[in-house]
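Engineer: First the structure, then my questions, so here it is.
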Amino acid sequence: DSGSAVVALTNDRDTSYFGEIGIGTPPQKFTVIFDTGSSVLWVPSSKAHSMYESSGSSTYKEQDFIEATDETDNVFLHRLFDGILGLSFQTISVPVWYNMLNQGLVKRFSFWLNRNVDEEEGGELVFGGLDPNHFRGDHTYVPVTYQYYWQFGIGDVLIGDKSTGFCAPGCQAFADSGTSLLSGPTAIVTQINHAIGANSEELNVFGLTPEQYILKGEATQCISGFTAMDATLLGPLWILGDVFMRPYHTVFDYGNLLVGFAEAA
C-alpha cells in the first residue's frame with residue numbers, strides 16, 4: 001500500500017522473529033521482537049546488546065516510559081535481539097505504536113513469517129498495509145471481541161476432520177507474534193500431541209541439577225509445537241503463536257477492529 005512502512009524480520013530458528021527500530025533523535029538502533037501479545041516497549045541495557053543512552057536523544061521526553069538502570073537477571077543475555085516492542089491495545093499500557101495511530105499514519109499492520117530458516121528473508125512486518133506478494137486469495141476477517149489482546153472467538157477445534165466439541169460453549173483466541181508455540185487447553189492439546197505421536201509415556205525420568213542442564217548446544221530432537229495452558233480468567237483460551245502465524249498471513253486492523261488470515265505465500 002502507498003504510505004506503508006516495511007520492516008524486514010530475521011527468523012531465529014523458528015523461535016522468534018525480530019527487526020530493527022530507531023529510538024530518539026538521532027535514532028539509536030535496536031533489534032526487537034514485534035509482539036502483538038503485549039503493549040510495552042522493552043529495551044534492556046546489557047553488555048551483550050545495544051544500550052539506550054537517554055542523553056544522546058533530543059526527544060527523550062516525548063514518550064512516557066520507565067528506564068531500568070540495573071537488572072539482576074539475564075533474560076536477553078543470550079538472545080539475538082535487544083528487546084520487545086508491544087503491538088497490542090492500550091488496555092494493558094499505552095503502546096508506542098499508538099503514536100503512529102494518533103497521527104493518522106497507521107490504521108492496520110500485517111505479518112508474514114517465513115518458516116524456511118535457510119532463506120535470507122526471515123519475514124516482514126508492514127505498518128499501514130499488507131504485501132500482496134506474501135499471501136494468496138482473500139483474507140478471512142473476524143471481529144476483535146476484547147481490546148486487551150488481538151482476541152477473537154472460535155467455534156470449534158478439529159483434530160483431523162473430527163470435531164473435539166470442546167469449544168461448543170465458546171472459546172477465545174488471540175494471534176500472538178511474540179509466542180513461539182501454539183498454546184491451548186490441556187484437554188485438547190493432549191489429544192493433539194497424542195494424534196501426532198508426541199508423548200512421554202515410554203520415557204524414563206532422570207534428574208539433573210541446574211549446573212548440568214544449563215548449557216549451549218544444538219537441539220537433536222523434534223519438539224511438539226503445541227503446549228498446554230489452562231486460562232482461568234478468560235475461560236478456554238488459545239494463543240496462536242508463530243506456529244499458527246507462519247502458514248497464515250495475518251492482518252491486524254485497528255481501524256475496523258478486525259483480525260484477518262490468508263494463506264501465506
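A Cβ is built for glycine as well, from the same backbone N, Cα and C atoms used for every other residue.
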Engineer: Where Swiss-Prot annotates a disulfide for CYS171, which of CYS167, CYS222 is the other cysteine?
Structural biologist: CYS167
Engineer: Count the other Cβ atoms sitting within 10 Å of the Cβ of ASP35 (active site), across every protein chain shown.
Structural biologist: 24
Engineer: C-alpha of CYS171 (disulfide bond) to C-alpha of ASP35 (active site): distance in Å?
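Structural biologist: One finds 22 Å between the Cα atoms of these residues.
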Engineer: So if I measure Cβ to Cβ from CYS167 (disulfide bond) and keep only same-chain residues at least 6 apart in sequence, which ones fall under 8 Å?
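Structural biologist: Once residues fewer than 6 apart are set aside, CYS167 (disulfide bond) is near ILE154, GLY155, ASP156, VAL157, PRO236.
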Engineer: Measure the Cβ-based neighbour count of CYS171 (disulfide bond), defined as the other Cβ atoms within 10 Å of its Cβ.
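Structural biologist: Total other Cβ atoms inside 10 Å, all chains included: 20.
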Engineer: Please list residues from the chain of ASP176 (active site) whose Cβ is under 8 angstroms from its Cβ, counting only those at least six apart in sequence.
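Structural biologist: Correct list: ASP35, THR36, GLY37, TYR149, TRP150, ILE239, LEU240, GLY241.
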